[in-house]
Amino acid sequence: MITPKLILIVIALAPLFGAIVAGLFGSRVGRAGAHSVTIAGVGVSFLLSCYVLYQLATGGWGVFNENLYTWFQVGPLSANVGFLVDRLTAVMMVVVTSVSLLVHVYTIGYMAEDPGYQRFFSYISLFTFSMLMLVMSNNFMQLFFGWEAVGLVSYLLIGFWFKRPSAIFANMKAFIVNRVGDFGFLLGIAAVLYWFGSLDYTQVFNAAPTTLPGKSLELIAGHPWAAATVIGVLLFIGAMGKSAQVPLHVWLPDSMEGPTPISALIHAATMVTAGIFMVARMSPLYELSDAALSFVMVIGATTALFTGLIGIVQNDVKRVVAYSTLSQLGYMTVALGVSAYSAAIFHLMTHAFFKALLFLGAGSVIIAMHHEQDMRHMGGLKKYLPITFATAWIGTLALTGFPGFSGFFSKDAIIEAAHESHRWGSGYAYFCVLVGVFVTALYSFRLIYLTYHGKERFVVEDKHHGHGHDAHHGDAHDDHHGHHEPGHLEHAPHEPGWVVWLPLVLLAIPSIVAGWWIGPMVYGDFFAGAIANVHPAGAEAAHGAHEWHGPLAMLVHGLTAAPFWFAVAGFATATYVYLFNPSIADKAAKAFAPLYRLLQNKYGIDDLYFAIFARGGVGLGRGLWRGGDVAVIDDGIVNGSASLVARVAATVRRVQSGYLYHYAFAMIVGLIVLLGGFWLAAR
Amino acid sequence: MFANWPLLSLIIWLPIVAAVPTLLAGDKRPDSARWIALAATVLTFLLSLAILPNFDASSAAMQLQEKHLWISVLNVHYHLGVDGISVALVLLTTFTSVLVIVGAWGSIDEKVSQYMAAMLVLEGLMIGVFCAMDALVFYVFFEGMLIPMFILIGVWGGARRVYATLKFFIYTFFGSIFMLVGLIYLYFKAGSFDLATLAQVGLNAKEQMWLFFAFLIAFAVKVPMWPVHTWLPDAHVEAPTGGSVVLAAIMLKIGGYGFIRFSLPITPDASFEYAWVVIAMSLVAVVYVGYVALVQEDMKKLIAYSSIAHMGFVTLGIFISLALVRSQNNELAARLGMQGAMVQMISHGFISGAMFSCVGVLYDRLHTRMIRDYGGVVNVMPKFATMFVLFAMANCGLPGTSGFVGEFWVILAAFQTNPWIAALAAFTLIIGAAYTLWLVKRVIFGEVGNDKVAKLEDMNGRETFVLASFAAAVLLFGLWPKPLSDLMDAPIAHLVQQILVSKGA
């Protein structure tokens with residue numbers, strides 16, 4: 001019997017099955033076996049997810065909410081593993097499985113010569129399983145499971161090339177910084193259990209409007225915090241880790257040490273959006289706290305603008321895209337903060353497509369350039385990589401919000417919502433997201449120009465450097481800036497095979513057209529019941545929905561609105577500086593040297609963290625160990641009392657002299673003392 | 001089947017009796033000793049599994065009881081019995097013992113028969129501790145355990161084994177003397193060493209206080225809790241792999257077990273009154289010891305400190321439950337905290353056992369425990385590296401592994417007493433990840449560290465069996481801990497009821 005339950009179980013477990021086969025039996029099934037089984041698994045998941053979304057969108061299915069098994073049971077309280085699948089979940093499932101499927105295919109080409117081929121497929125399938133468990137969960141325990149499981153796979157994949165010191169530093173950093181977020185997240189879950197006595201979404205959401213108001217917690221005596229604010233802020237700290245919001249953003253740029261396919265899948269399209277999804281899922285709780293939402297908004301706005309600025313000064317092609325991801329995550333977070341949850345999810349979706357496209361395109365360039373990632377050694381690649389070039393332009397236009405492209409609709413909805421919001425901090429948020437549009441256009445077109453346009457800044461040499469192409473390619477991953485002088489290539493770059501360019505083309509399509517669904521998804525009732533407050537800016541700007549006259553009207557209106565002209569300004573600046581007059585960039589860097597250095601140093605945040613938390617932590621540990629454990633407890637008390645006993649024993653031993661008259665004397669003294677004692681007591 | 005057998009006596013005495021032929025096999029026939037020991041532990045494990053069908057998990061009563069008069073003049077009975085908590089710990093013991101014998105197969109070459117015999121005696125005594133229903137029987141097993149462990153570290157230990165064994169012995173003996181004095185006092189009050197009777201005897205606040213601290217010293221040393229923990233790193237460093245595994249996986253649990261069998265039922269009011277002391281000590285264990293673990297250069301020391309930090313959750317869970325039920329009358333949360341503590345005990349058994357076995361695998365090859373002597377092990381030992389990373393993640397409390405379950409519930413329950421306690425406990429998420437992953441980074445990842453590492457061979461079948469068995473347990477109880485919670489729910493609910501009632505006279 002094919003039931004919805006069975007279909008959902010297959011969706012979740014098919015990638016896990018692929019991961020297990022490719023991981024445990026990788027050498028037996030071989031390379032082709034590994035990629036076939038994992039692609040089949042994710043493919044099945046994708047098709048069924050589409051079916052589920054179709055059923056939910058057309059009303060064929062109602063909301064699915066069922067427990068699969070009981071995980072833990074104490075008296076009346078049970079923690080379960082189960083699925084809650086509504087339209088919000090289904091959209092996430094389709095986004096996750098579609099990008100994952102394309103990345104799986106792309107990986108065949110990208111990792112073709114890597115010795116860890118099967119392991120890589122195993123990891124990305126395991127990731128898909130974990131991410132599905134996260135989005136499909138119907139309770140907080142399983143949410144945390146998925147949350148940490150995607151973190152684990154991210155850790156494994158950032159450190160995939162485990163010989164590189166930078167990679168194994170980056171993956172540890174990513175995990176620990178995420179754990180800082182999870183620290184808050186777990187306490188948030190604890191707060192939920194405290195006030196609701198349940199970890200089940202439906203029970204919690206249904207009870208929220210009656211349970212939370214009026215409840216508070218005095219974290220500091222005399223300063224009560226509203227319950228909804230405590231829960232909202234704590235859970236959002238988790239989102240700050242996973243979705244890399246300031247000040248827990250520092251791990252994401254370093255995560256670029258991982259192979260490019262996972263930068264696209266995990267660190268752009270899906271995992272990093274888990275925080276956004278989580279807040280949208282928890283919207284019934286967040287709607288009860290303006291303070292928590294203002295906190296969310298301010299953090300998001302800060303991230304959107306200030307990480308985007310860093311993107312302008314990066315030279316590594318992947319890092320530019322990484323900072324762009326940070327900035328775009330900030331946009332989504334702002335949308336959450338102004339209660340425009342559907343706009344956040346919509347931008348999450350469009351961003352997943354165009355950012356995966358940009359990353360995979362960057363990967364295509366990196367393969368063609370033999371693992372060169374520095375844009376200063378690129379330029380003029382458009383004639384060598386026509387497909388990548390065309391799709392990169394599409395992705396960039398979508399990212400910068402060119403009217404008609406997907407990013408235009410999703411980003412404008414956010415900016416509009418921030419504009420209309422009256423929540424505390426919304427003025428700052430609107431400023432940040434508006435200026436952010438200029439910044440986005442600037443770094444995006446800078447990347448396009450430095451990479452694909454202008455003069456070639458690399459030399460093609462037709463002689464070998466003492467080892468063959470294959471040998472180099474095979475271990476190039478281990479030291480990608482290694483063997484070659486920068487900017488020297490053995491062969492002219494060329495377009496990689498279809499497994500690489502086909503995913504680019506398939507991602508380019510939704511990057512263009514996905515925005516046209518904005519009507520139902522953001523301004524309609526598509527998410528009704530799944531998330532609270534389905535209309536952007538909520539009651540504060542209900543007229544936002546009334547003004548909605550369809551995507552075409554929005555398009556026309558967009559041409560006269562401020563964000564468009566900010567984008568145009570960014571585009572014009574980038575075009576002038578990086579296409580027509582490249583010397584200006586250097587002059588500007590010199591003229592604004594302090595600012596340039598500040599951005600180059602990422603505002604000094606990484607260095608500060610390293611000094612305080614890494615060095616400081618080790619110093620504190622040494623102090624406690626040497627000072628506390630060794631000096632005080634062991635040398636002082638334990639060995640101290642041992643030597644005290646030894647000294648006392650040495651003294652007392654002299655009493656046992658062996659002379660009879662000593663003992664006799666001692667006995668007499670003892671007898672007198674004893675008798676004296678009795679006499680005193682009896683008196 | 002087995003319904004009328006004295007199952008508990010069988011699993012206690014079978015390994016101890018089997019130690020005799022093992023010893024008789026002598027050093028000339030090491031393989032005979034190994035096989036006898038293996039057969040004995042496997043049989044004991046199977047017999048301990050036979051408890052389950054004869055056991056009613058829905059009841060909090062002590063089951064499978066055996067009672068015989070032992071010392072009539074003192075009214076001491078050889079009285080055994082188990083509830084769900086005991087069963088879980090007995091199964092942990094018998095399971096781990098099999099793996100310890102298998103693990104020692106190739107790594108112990110000297111005095112094999114004596115090593116195996118000591119292990120068997122130790123196993124029997126530890127099971128005895130978990131089955132004893134008479135305080136004097138408990139005490140005899142409790143102290144008896146020290147002897148084989150003393151021998152294990154003293155004979156097969158490392159360079160500073162004499163210092164470590166003496167420190168271990170005197171530390172723990174020092175602690176248990178206080179317990180003995182407390183028990184004698186109780187005997188004069190109650191006229192019996194029967195644990196159920198002792199739990200009933202009325203004690204005024206002052207008596208309870210003295211007894212509580214006497215028990216606290218004994219069990220805190222055993223757990224070990226900060227600041228009486230410094231024997232553990234030294235003992236682990238010097239102990240042979242099997243000794244470390246038993247010590248971490250089982251012996252430390254006896255401390256936690258003691259709190260719920262002695263402190264809570266016998267001195268409930270003092271336990272509540274001074275719960276803050278234990279809670280504070282537990283939080284120091286999590287934070288302070290976490291930082292100390294971070295800077296260790298010796299793998300075994302690092303894992304030993306990590307053990308102390310993780311055992312902090314056991315004592316934390318037990319004593320916040322007391323606070324929850326007494327000051328908030330929040331029975332459900334108290335049961336959660338207690339469940340968390342007990343699951344943490346079982347889980348830590350698997351994880352620490354596995355971590356020490358992992359170090360053993362490396363030590364057998366390079367004869368060094370220093371982190372700096374390794375690096376890039378994954379390049380030459382991929383199977384081992386996979387296992388190591390899995391257990392490292394379990395040690396970080398990753399959901400899906402058993403390490404998550406206990407910490408999760410303890411933190412959730414702690415939040416209900418005071419969010420700051422929960423926050424300090426949850427700090428383990430960060431510091432635990434930091435010291436564990438830094439260890440992984442330095443030992444497992446990176447380029448091959450040196451020529452010796454380059455020549456390492458991956459795990460053999462025996463080592464794979466040991467680690468895979470631990471891995472199966474870690475994953476099973478991570479993905480489905482319900483069997484554990486079902487097994488222990490009834491006695492925990494009973495215990496929570498018990499500590500709710502003041503016995504102040």
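Every residue gets a Cβ built from N, Cα and C, even glycine.
Unlike curated records, TrEMBL annotations are generated automatically.
As written in TrEMBL, here are the features:
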DOMAIN    B:132-429  domain 'NADH:quinone oxidoreductase/Mrp antiporter transmembrane'
TRANSMEM  B:6-26  transmembrane segment
TRANSMEM  B:33-52  transmembrane segment
TRANSMEM  B:84-105  transmembrane segment
TRANSMEM  B:112-130  transmembrane segment
TRANSMEM  B:136-156  transmembrane segment
TRANSMEM  B:168-188  transmembrane segment
TRANSMEM  B:208-232  transmembrane segment
TRANSMEM  B:274-295  transmembrane segment
TRANSMEM  B:345-363  transmembrane segment
TRANSMEM  B:384-414  transmembrane segment
TRANSMEM  B:420-440  transmembrane segment
TRANSMEM  B:461-480  transmembrane segment
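Sequence-distant contacts of the transmembrane segment (B:112-130) (same chain, six or more residues past either end, CB-CB distance under 8 Å): 8, 11-16, 18-20, 22-27, 29-30, 32-34, 36-37, 40-41, 44, 48, 80, 82, 86, 89-90, 93-94, 97, 100-101, 104, 137-138, 141-142, 144-145, 147-149, 151-152, 155-156, 240, 242, 246, 250-251, 254, 257. Scored by C-beta pairs under 8 angstroms, the transmembrane segment (B:274-295) has its highest count with B:420-440, from the stretches B:84-105, B:168-188, B:420-440. If you look at the transmembrane segment (B:384-414), the same-chain residues 6 or more away from its ends with a CB under 8 A from one of its CBs are 306, 310, 313-314, 316-317, 320-321, 324, 333-334, 336-337, 339-348, 350-351, 354-355, 358, 361, 377-378, 421-422, 425-426, 428-429, 432-433, 436-437, 439-440, 443-444, 458-459, 463, 467-468, 470-471, 473-479, 481, 484. Outside the transmembrane segment (B:33-52), and at least 6 residues removed from its termini, the chain residues within Cβ reach (under 8 Å) are 1-2, 7-8, 10-11, 14-15, 18, 21-23, 25-26, 64, 82, 87, 90-91, 93-95, 97-98, 100-102, 104-105, 112-113, 116-117, 119-120, 123, 127. The transmembrane segment (B:345-363) makes contact with the transmembrane segment (B:461-480): 3 or more of their CB pairs lie within 8 A, with pairs spaced 6 or more apart in sequence. Only residues 6 or more beyond the boundaries of the transmembrane segment (B:461-480), in the same chain, are considered here, and those with a CB under 8 A from a CB of the stretch are 95, 99, 102-103, 105-106, 343, 346-347, 350-351, 353-354, 357-358, 361, 383-384, 387, 390-391, 394, 399-405.
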